[in-house]
Amino acid sequence: MPSRKFADGEVVMGRWPGSVLYYEVQVTSYDDVAHLYTVKYKDGTELALKESDIRSQSSFKHRKSQSSSSSPSRRSSSRSRSRSRSPGRPAKGRRRSASQSREHKEDKKKPIQEPSIALPVFVLFKPSENNTKRYNGEPESTEKNATSCIILEQKLKPDLEIKRVLEQYSLRSRKDDKRKEEIYSEKKTFVAVKPIEKVSTKTKEMEFGGRIGTFMLMLVLPATVLYLLLMCKQDDPSLLNFPPLPALESLWDWRVFGVILLWFFLQAAFYLLPIGKVVEGLPLSSGRRLQYRINGFYAFILTAAAIGALLYFEFELHYVYDHLVQFAVAAAAFALALSVYLYVRSLKAPEEELAPGGNSGYFIYDFFTGHELNPRIGSFDLKYFCELRPGLIGWVVINLAMLLAEMKIHNLSVPSLSMILVNSFQLLYVVDALWNEEAVLTTMDITHDGFGFMLAFGDLVWVPFVYSLQAFYLVGHPTTISWPVAAAITVLNCIGYYIFRSANSQKNNFRRNPADPKLANLKFIPTATGKGLLVTGWWGFVRHPNYLGDIIMALAWSLPCGFNHILPYFYVIYFICLLVHREARDEHHCKQKYGLAWERYCQRVPYRIFPYIY
């Protein structure tokens, strides 16, 4: 095994990922398995670099300039040159004055001076607290408007044109041009211009309690779903009133499992239809962008038409209510089988296609978090498909089945007001997600998390069967609310939805096109990655305003169920815990990614989710 070249604590020059620039860094550790150095930049950012991307500081010292006198061979060859004179050479026989001769000699000794314009990317400098401002050609300011990049580019265009003309009609002597080429070649020896090849490193920090925690979660999550559904079936769904365990044979129904398979492949067929636009996702670590078909809303319309046809032919949709526990067990079995397939195929995936958070080398942990980042069968992206289609649309179908079951069981001509509110609020949420399907491409689930048991079970089991808990509860425990109360709950849901949608739209539009004139009023803090951290709008109010809107809506979904039992409030309690945990994950990743810029952002926006509370 080759020995390491640089020691821990040594100060060297490290290449910044995705660029041709070298910065002063300090070596903190070395991975003997991946042969990667962990280095720390002056702004606090820590990255893993290959040995070929690190150089000693001594190699960045320029060689002394050679003597300006020409060699004898050059002097002799100059006699055989053509008699034609360039405009910069004096006429033959014309004598130079003493002052002209001295000036000519001094000009030879001076280094080549270039016009004062923006230097090319070969310029080297030491990083300051936030060096991206000079790296991107940005003004020296902590905060920027989104239009500053456009203004700067317009200002540089005349200077670049002047430089092009000067180089085309240069009056320097050929000897000076030759010297300039030598200096330029020296600079190129210091900084290589080939792009960096990203290497997927082993996961060093394990989340969710590591191997033991993820193993326990794989047992607890299915048990929690089963417990909640059985509790809703009881007349007294108190937390201490544990339901009797059903017989194992009553939990499985092959016909129900066949319906689950039919539902999954029907949604897959809708996904493959050549309708809807095709967009590119965010750049991967290799710089490649994957393409995604945006047709989730069309799939929802087609599903609604299919359900309408079943109801027209008098199909009893409340069958879902009667066998909801069997449906949940069948979906869990399918999610487990899908997770096994995903892990097996990930063993043959290239190193650069593995998820940064699911490459620990431990089977249980990688199986749970997902080993491969974007598993695909041809152009069919499994993770992106499961994120919104089967589970989210299935959630609406289950809610509809609960509404029809309530009307049949209680002999109602119209659904109860509570059931109408729950169905309407959650239908709005699902339709909004499908209408803004492109926004999911910037979420952590797509960009960071692998596709394993965690997302497979969450998308296919947890979302449709836990998020529909309020509607399932209302079938067996009807709750009557007055119109003023219903109006107040509706206002609360609208407030949460407005915060959720406007914050997400602001973030997604800024990520897609920071130079959009519509975003000119937004201010942001530039970071060492080239991205900006918004400090105005909703993102200057709290760090995660979309989470705040989500929690307010979750509360509005539970309030129509009344206050007789805490069971229908499980969703909002769980959701607060989920988003607080996800916010902690976001904080950890952002601090590593953005360094000192993230600390400045936290000082500017001190509250995480709840203003003046948390």
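Here the Cβ of each residue, glycine as well, is placed from N, Cα and C on the backbone.
Because TrEMBL annotations are produced automatically, they should be read as predictions rather than curated entries.
According to TrEMBL, the feature compositional bias 'Low complexity' maps to 66-75.
Residues annotated as compositional bias 'Basic residues' in TrEMBL: 76-97.
Taken from TrEMBL, the feature compositional bias 'Basic and acidic residues' applies to 101-112.
The annotation domain 'Tudor' is assigned in TrEMBL to 4-62.
The feature region 'Disordered' is assigned by TrEMBL to 53-112.
As annotated by TrEMBL, transmembrane segment applies to 212-231 (among others).
The annotation transmembrane segment is assigned in TrEMBL to 251-273 (among others).
Residues or ranges marked as transmembrane segment in TrEMBL: 294-313 (among others).
For the transmembrane segment (325-344), same-chain residues at least 6 beyond its ends with a Cβ under 8 Å from one of its own Cβ atoms are 222, 225-226, 229-230, 233, 246, 250-253, 256-257, 259-261, 264, 366-367, 370-372, 375, 382, 451-453, 456-457, 460-461, 464-465. Residues annotated as transmembrane segment in TrEMBL: 325-344 (among others).
The transmembrane segment annotation in TrEMBL covers 455-475 (among others).
Under the heading transmembrane segment, TrEMBL lists 481-500 (among others).
What TrEMBL lists as transmembrane segment is 521-542 (among others).
Annotation source TrEMBL lists transmembrane segment at 562-581 (among others).
Counting residues 6+ beyond its ends, the transmembrane segment (481-500) has Cβ neighbours under 8 Å at 417-418, 421, 425, 428-429, 432, 538, 545-546, 548-557, 559-560, 562 in the same chain. Counting only same-chain residues 6+ beyond the ends of the transmembrane segment (294-313), those with a CB under 8 A from a CB of the stretch are 266-267, 270-271, 273, 275-279, 388-389, 393, 396-397, 400, 430-431, 433-435, 437-438.
Counting residues 6+ beyond its ends, the transmembrane segment (212-231) has Cβ neighbours under 8 Å at 237, 241, 243, 246, 324-325, 328-329, 332, 364-365, 367-369, 453-454, 457, 461-462, 465-466, 469, 472, 567, 570 in the same chain. Nonlocal intrachain contacts for the transmembrane segment (455-475), taken as residues 6+ away from its ends with a CB within less than 8 angstroms of a stretch CB, comprise 221-222, 224-225, 228-229, 232, 237, 264, 321, 324, 327-328, 331-332, 334-336, 338-339, 342, 370, 383, 386-387, 390-392, 394-395, 398-399, 402-403, 405-406, 409, 416, 418-419, 422-423, 426, 445, 449, 557-558, 560-561, 565, 567-568, 570-571, 574.
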